[in-house]
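Lifted from Swiss-Prot, the feature list:
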type	residues	note
COILED	218-245	coiled coil
COMPBIAS	54-65	compositional bias 'Polar residues'
MOD_RES	T10	phosphothreonine
MOD_RES	T16	phosphothreonine
MOD_RES	S69	phosphoserine
MOD_RES	T91	phosphothreonine
MOD_RES	T165	phosphothreonine
MOD_RES	S188	phosphoserine
MOD_RES	S257	phosphoserine
MOD_RES	S292	phosphoserine
MOD_RES	S294	phosphoserine
MOD_RES	T298	phosphothreonine
MOD_RES	S301	phosphoserine
MOD_RES	S374	phosphoserine
REGION	54-97	region 'Disordered'
REGION	148-185	region 'Disordered'
REGION	216-279	region 'Multimerization'
REGION	343-391	region 'Interaction with the nucleoprotein'
Amino acid sequence: MDQFIKQDETGDLIETGMNVANHFLSAPIQGTNSLSKASIIPGVAPVLIGNPEQKNIQHPTASHQGSKSKGSGSGVRSIIVPPSEAGNGGTQDPEPLFAQTGQGGIVTTVYQDPTIQPTGSSRSVELAKIGKERMINRFVEKPRISTPVTEFKRGGPGAAAQGQTIQEEGIDGNGASAGSKERSGSLSGATLYAHLSLPQQDSTPANVGIAPQSAISANEIMDLLRGMDARLQHLEQKVDKVLAQGSMVTQIKNELSTVKTTLATIEGMMATVKIMDPGNPTGVPVDELRRSFSDHVTIVSGPGDVPFSSSEEPTLYLDELARPVSKPRPAKQTKPQPVKDLAGRKVMITKMITDCVANPQMKQAFEQRLAKASTEDALNDIKRDIIRSAI
């Protein structure tokens, strides 16, 4: 037999299960005629356990009119059996729980004679059991508690909303789904349309926060004390370094003051040297300076007449021999140069030899030259040599 069930066979199986459910739901229960476990056919017991009895089981050899009348009265659907199988009343049905469809033949119900042992496969029995349970549970309404739809609020629900507990409907096995609240109008089990699922809150939302650390990773008090001790020692070392830098700063300040004092002394000595030896500021010889200040031609340009003027007078004079000559120029008289006082310069140079020359031999040589000097130029040469030796 093919292990895969076709779509038509599945539909017939579902309709058969629905008819079985309607039959047991509509039929009255009689305790005296209830089936016991001993009277149930082996192999069909899992399907019929927990169901009411079914009355007037039709045998395959029953008449067509009796089956039709009982099937219409009890809600059981009649099934047409092929003529080839109708004559064999004692033969076993290969699939006892499947609905058999065909054209013509004897009409019989889906229930088999208890005396006939079924030879159907276990897969067919299980499929029949599953289809029957689903059809029965589909039309059995259970009291359901509707889940309240809470409105979303920013920041999470309040204290009152958090205190409420949401009761969920338990599902025992293959129970009815809580998503549909209306009973289906189709007896074939087909879903006409799907209802829109409303947003349901399955559980109470929890506020999101930082999870506390596990107690296993908590530090002991001794570890904390050791860490604090290490940090304290580190800070003490830094403080010692800062204090050491403070003493160094004081030393730098003292050295800086010494440098300033030395610089002031050098500046004073340089000022003294400038006063004693002014010299030529430009370093240009005197002859060049006189040449630059000599007479030169001056050109006057611009509008207007420039009257001619001559520095010489047109008067002629007679010399000693009565010769006409121009006005004689007076002879230049050289002015005697004043004698400069060299005594003060010698005293200043003697003081410089004493302060600036440390070598006794050089000091003695400068004193001898100073005693022999009689002109200003000689004194200036001695002064320059003293300054050079000091540098």
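Heads up, the Cβ atoms here are built off N, Cα and C, so glycines get one too.
Where Swiss-Prot records a feature, it is marked here on the structure.
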residue: T10; record: phosphothreonine; contacts (Cβ under 8 Å, 6+ apart): none
residue: S257; record: phosphoserine; contacts (Cβ under 8 Å, 6+ apart): none
residue: S292; record: phosphoserine; contacts (Cβ under 8 Å, 6+ apart): none
residue: S374; record: phosphoserine; contacts (Cβ under 8 Å, 6+ apart): L342
Number of helical, extended and coil residues in the region 'Multimerization' (216-279), per DSSP: 58 helix, 0 strand, 6 coil
Composition by DSSP (helix, strand, coil) of residues within the region 'Interaction with the nucleoprotein' (343-391): 42 helix, 0 strand, 7 coil
Packing count at T16 (phosphothreonine) (other Cβ atoms within 10 Å of its Cβ): 22
The region 'Interaction with the nucleoprotein' (343-391) [mean pLDDT, rounded to integer]: 86
